[in-house]
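A short write-up of the structure that comes next.
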């Protein structure tokens, strides 16, 4: 279950600051450390360098633009209501901006600005040429019909288009909480057939689309796979594992997962494949526990069957048998027969790896002393408050920060954006050529060996290994996407670790990640300057 320790905390209290205050606190820590070194590195300045750098850091910190929209919606019942939403562009140091679309009844402008800032830092950490952005629409999507949600999505898209807050070279949207391929397809179609009708690249105004609408294979599971690689790059590092007293590698490790949504279920699947054992899973309506391990496929099948049998899915309500409920993601894990109900806080379950993959501000000053994990991988945005962060450092717990480990989704979104701009899928121009080249290479080796040893010895067949055969004949767009994601996460981890060593930060990987982001954004402003 969600951490009970935060239920009674007021918004904005010292231990439960708003998400924007949290992001700015982490930013401030890194900015103070980079200030002196960045000041010394500004080239060609004819004035005091320190004020110049401080001005740049303040420019990076603040959100550049916020669009607030309010428009009327006629419900299916005939009643009217006003829908409010925001699109924040935190930084335009690189264009286009990039960020998700969240439907939530509790979202507000400060949270939108905070998530946009996180996107700026996240993109910089993994070397993506985007500024950060975010959209929040204040609705509870469960209370609206599909027709009403489509009207809201399309209307909001038109409003953003009129104000220049969407476009393949301006601002690119993506899925977030309570949005997915369906909503992204509506957005792309609306933009393409309205203000973007003259833009040949209009389809690139949004990522996370269905494959038929220009999406990319591997996007659906990208964030979860990014979490896997993020953990992998640390858990296989002997220096960091020695610091926290854990043996390197996944096999035999136990992990606890908070949140079994789009990110959580794929994270659980991949860690299970790599040999780790999930012992506890928590959702909004309950938690389950099995010290021998929980199989992710069995749990997902149970959740979907349970959901379908209750007839609560939209397709069940509509009486349509042609739509599979297996694509729904709002079932329940409660009652899973191969695990026991768990009534305590799952954040305090003894384990090797704790993965908060749900909502913000779950790890606080109140519960941080009772966390018994060695590694915390922040698959959600902003799950740890600054006070909890300090406690984890004191307790020698390795926290892999959200601005790095949560970056798999936006990385693959970048690949989709490039695919849309290129108007061709990955590998279409090269798969067959590469397969034939590999075949001719093997054939050439075989002929050379036969000539060297003589025909009297008969043929010397060159038989490719199963791994080589699979790589050559079984390559797909998904293979290329997964390879690019793994490489990106690996290189970014090396940069963060190098930054931590440079500033002697020890296990404080969050500050190291923010330092990486700030230095990259500072470099852009220092080299490109400002338009006016």
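Glycine residues also receive a Cβ, built from the backbone N, Cα and C atoms like all the rest.
Any TrEMBL annotation is an automated prediction that lacks curation.
Among the candidates 98, 142, 143, 151, the residue that TrEMBL names alongside 122, 413 for the substrate site is 98.
Taken residue by residue with DSSP, residue 122 (substrate binding site) is part of a helix. Spatially close to residue 223 (NAD(+) binding site) yet at least six residues away along the chain are 262, 263, 266, 379, 406, 408, 409, judged by Cβ distances under 8 angstroms.
Taking a C-beta cut-off of under 8 Å and a sequence gap of six or more, residue 122 (substrate binding site) has these contacts in its own chain: 132, 402, 403, 404, 406, 407, 410, 517.
Looking at the residues that bind substrate per the record, 98, 122, 413, the two CA atoms farthest apart are separated by 13 Å. For the substrate site, the Cβ centre of 98, 122, 413 serves as reference, and the other residues of the chain with Cβ at most 8 Å from it are 99, 119, 123, 128, 130, 132, 174, 407, 409, 410, 411, 414. The two recorded residues residue 98 (substrate binding site) and residue 176 (site 'Important for catalysis') have their Cα atoms spaced 12 Å from each other. Around the Cβ of residue 413 (substrate binding site), the same chain contributes 98, 172, 174, 207, 208, 219, 222, each under 8 angstroms and 6 or more positions distant in sequence.
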